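Visitor: What TrEMBL records for Gly10, Pro11, Ser12, Gly13, Ser14, Gly15, Lys16, Ser17 is ATP binding site. According to TrEMBL, the domain 'Guanylate kinase-like' annotation covers 3-180.
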Amino acid sequence: MKGKLFIVSGPSGSGKSTVTKLVKDRLNIPLSISATTRKPRNGEIDGKDYFFLTKETFEQKIKNDEFYEYANVHGNYYGTLKEVVESNLNKGLNVILEIDVQGALIAKEKKKDAVLVFFRTKDMETLEKRLRNRNTDTEEVIQTRLKNALKELEYEKKYDYTIINNDIEESCRELINIINL
């Protein structure tokens, strides 16, 4: 029996990465590692957090049809390599795919039985506070992420489930419940 694909997305700062990593570890579910052209953040490891690629390499992989989905977000490419997702699904493993809303909708078109889970904060003030507390982005990047968040929130209704992430443990329980349905 094939595994099931769970696609998690939401605005930057919504806590989706933190929650998906915790759930992945607790349930021993593979988290599909995305490829990106953005620079690594402090502590991120190539092949563990992301596959960090040059723009040229990424674009060659697009031409070779090696991506399950890809999108340009905040001026950088992000994408999911087909072989990473398919090899786990074919082994009967569930897979959590953490991607942006553009990629999620493209992936849902290709994989109709995928389950879409949208993460958000209770309000924009909470989201802005989280982005600022990261201390990793310039003011310009924060403003871009906040503008993009407003656009991303418009897609929430296209998702199968929404998790309002006010508490990490509660959000973990909610995501685990969705996966175990």
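Each residue's number is its place along the chain shown, starting with 1.
Cβ atoms are placed via backbone N, Cα and C, with glycine included.
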Visitor: Identify, in sequence order, the residues in the chain of Ser17 (ATP binding site) that are 6 or more apart from it along the sequence and have a CB within less than 8 Å of its CB; answer 'none' if there are none.
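Guide: Correct list: Glu98.
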Visitor: Given the ATP site residues Gly10, Pro11, Ser12, Gly13, Ser14, Gly15, Lys16, Ser17, which other residues of that chain have a Cβ within 8 Å of the mean position of their Cβ atoms, reported in sequence order?
Guide: Phe119, Arg120, Thr121, Leu127, Arg130, Asn165
Visitor: Quick check: in three-state DSSP terms, what is Pro11 (ATP binding site)?
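Guide: Where Pro11 (ATP binding site) sits, the three-state DSSP reduction gives coil.
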Visitor: Counting only other Cβ atoms and using a 10 Å cut-off, which of the binding-site residues Ser12, Ser14 scores lowest?
Guide: Ser12
Visitor: Show which residues of the chain containing Pro11 (ATP binding site), separated from it by at least 6 in sequence, have their CB under 8 Å from its CB.
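Guide: Listed in sequence order, they are Phe119, Arg120, Thr121, Leu127, Arg145, Asn148, Ala149, Glu152, Leu153.
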Visitor: Quick one, of the binding-site residues Gly10, Gly13, Gly15, which Cβ has the fewest other Cβ within 10 Å?
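Guide: Result for the binding-site residues Gly10, Gly13, Gly15: minimum number of other Cβ atoms within 10 Å at Gly15.
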Visitor: If H, G and I count as helix, E and B as strand, and all else as coil, what does DSSP give for Lys16 (ATP binding site)?
Guide: helix
Visitor: Might you list, by sequence position, any residue in that chain lying six or more from Lys16 (ATP binding site) with a Cβ less than 8 Å away from its Cβ?
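Guide: Set apart from Lys16 (ATP binding site) by at least 6 residues yet with Cβ under 8 Å, we have Val8, Ser9, Gly10, Glu98, Phe119, Asn165.
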